[in-house]
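Student: Sharing a structure here in structure tokens format.
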Amino acid sequence: MGRFICKRLAATILVIVAASMLTFGILHLTPGSTPATILKYAFIGLEEIPTDAEITEITTRFKLSDPLYQQYYRWIKQALRGDLGDSYVYRLPVAELIGLRFPATALLAVLSVTLSLLISIPLGILCAVKRNTFFDHFNRLLALFAVAMPSFWLAYLLIIVFSLGFNLFPVAGFRSLSSLVLPCVTLAAGMGAVTLRIMRSSMLEVMGQDYILTARSKGLYERSVIAKHALKNAFLPVVTVVGLQFGHMLGGSVIVETVFSWPGIGKLLIDSIFAKDIPVVQGCILLIAGTYALVNLLVDLSYALMDPRIRYGRES
Amino acid sequence: MLNKQVMSPLLSIRALSTCFQIQETVVKAVDNVSLDIYPDEVLALVGETGCGKSVLALSILRLLPENSLSEGSILYKGFEILEGSNEELRALRGREIGMIPQSQASSLNPLLKVGWQVMEVLRLHTKVRKPDAHKKVVELFSRLQLPEPEKRMDYYPHQLSGGMRQRVLVSMGVACNPNLILVDEPTKGLDAVLRMEVVKLLGRQAAENNRSMLLITHDLSVAALLADRIAVMYAGEIVEMGSSAGVLKIPRHPYTQSLLDSLPGRGFKPIPGFSPSLSRIPPGCRFQPRCRVACSKGAALHPDLREADPNHYVRCFHAD
């Protein structure tokens, strides 16, 4: 088990390095000159035209005229020592900036995944048990709507109805707990719809297995057949999907955070990309790739807890 | 041996038909089957894969999916199973009628310890405490010659060999001492050595406990070793039924004769052709297209099951 974890962590570091290289390269391919963009966002204002002197000043200050590989080398050398550099725009250390933004994203991730599970798991099980009834068709149709609806569209609908219409929740920002409701619902709808469909189909597949017939032949109550024999087996594929969803949410949802002006990682990332605030973008990618890989590892480890057939790193 | 005909049967099936509705087609898997199982008797139900044997067994326990329909009568000790409520059926399953399911590889829950899975049926039907149930299952395991029974209690199915899993399934089926045990293809997918072991195990089980057994198998040699009586099934209906000795030594139906000739020790001759699709059953004799003594009468008319010799029933015009 220990060896398995070490191997996976080593692979995670490789993934992070590769991801940071790619982002670094792509960032330099995006249109607009880097020094001019930084100038506009951080110093002189978006409508101003930077002078040649200002451009030279920024280029030399951030060493932007060096070849790309040198710039990347400088960044990764620092990063490996634990220093993610300073933001061009906010003039704060990147680590501090992420530390300020991450809690809002994490809170949203935990709450939206919890909400999604609370609704989708029981409904998914019930849909499978009552398959092809009105209840099943209705919930599947609802799930189809939720999964097909783009999150920004659902977000605006919710804002129009519940913020502007009934004045129940704030339109945007994060000032009180009631600010959490609309972004949470938006995210949970998309995730919950996927989880519901997977829970239902996984449950249906398990209910057709031979060991369910065995359980019924013993004379068990149908609820014991479901609770003791079917559920645990049906959860296995659901855990993978929910784990990936959670990992995704921890990296911040760019769209939902933008619509609700949510002070999280997603919003920070997209703002920094526009401003070509390279150190911040690199830091965010580091965090997103890292948490995603880590959550994945945790999902794999939880499999070993749930399924006795899976034992990592031990020859059977 | 007792004259079974004077005893009242434990299970009495009359004119049982089981159909499946699959979209627009109706598949008649069991067609007008009547048979009796007497106390302390092993009845083997023999036939090719897909002839409806397993469906018949599952009809007895009412364990078929919702798209199925069973008509006729299944009386167990005078109780009409086809009209039983869920609660009555639940009390019957495992307690009165035990099942040893087919395919040992997939019939045990992979996420639960095997000891727990056997204890579950005991604790459901009898008021035993957990430690007592544990003790009973260990006893059961050792009686079925599962090596190191105490240790096996905490094993998961994947940690056991095929033969051991088969023993666990047998112990699950017999745990509550049911009066009737349905054994579905006990030798399916087992190698020759293991097959003999399982046959011995089942033989001992039937002899020691004086229980009735419905043995479902496609293997006539297994039936020969265990059964008191044999019923041969073809395309959903019984074509020949009689004492084990009678059916095996003087088979009257051409299908039974062909089945015997297809055994490795008896010529290994395959039966030409395929059995008819159960959704489009021909009007005449169902075996006529493959029959070695095919008659023109059989092409048009459907023969009835008739008593050709005393207590030996045959569905063939040639046997008249």
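From the backbone N, Cα and C atoms, a Cβ is placed for every residue, glycine too.
From TrEMBL, for reference:
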- A:102-303: domain 'ABC transmembrane type-1' (DOMAIN)
- A:9-29: transmembrane segment (TRANSMEM)
- A:106-129: transmembrane segment (TRANSMEM)
- A:141-168: transmembrane segment (TRANSMEM)
- A:180-199: transmembrane segment (TRANSMEM)
- A:234-260: transmembrane segment (TRANSMEM)
- A:280-306: transmembrane segment (TRANSMEM)
Student: Looking at A:9-29, A:106-129, A:234-260, which one has the highest count of Cβ pairs under 8 angstroms to the transmembrane segment (A:180-199)?
Tutor: A:106-129
Student: Can you say which of A:9-29, A:141-168, A:234-260, A:280-306 has the most Cβ pairs under 8 Å with the transmembrane segment (A:106-129)?
Tutor: A:234-260
Student: Using a Cβ-Cβ cut-off of under 8 Å, list the residues of the same chain that are 6+ residues beyond the ends of the transmembrane segment (A:280-306) and lie near it.
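Tutor: Same-chain residues near the transmembrane segment (A:280-306) but 6 or more away: 1, 5, 8-9, 11-12, 15-16, 19-20, 23-24, 27, 75, 79, 84-85, 87-90, 94-95, 97-98, 102, 232, 235-236, 239-240, 243-244, 246-248, 250-252, 265, 268-269, 272-273, 312.
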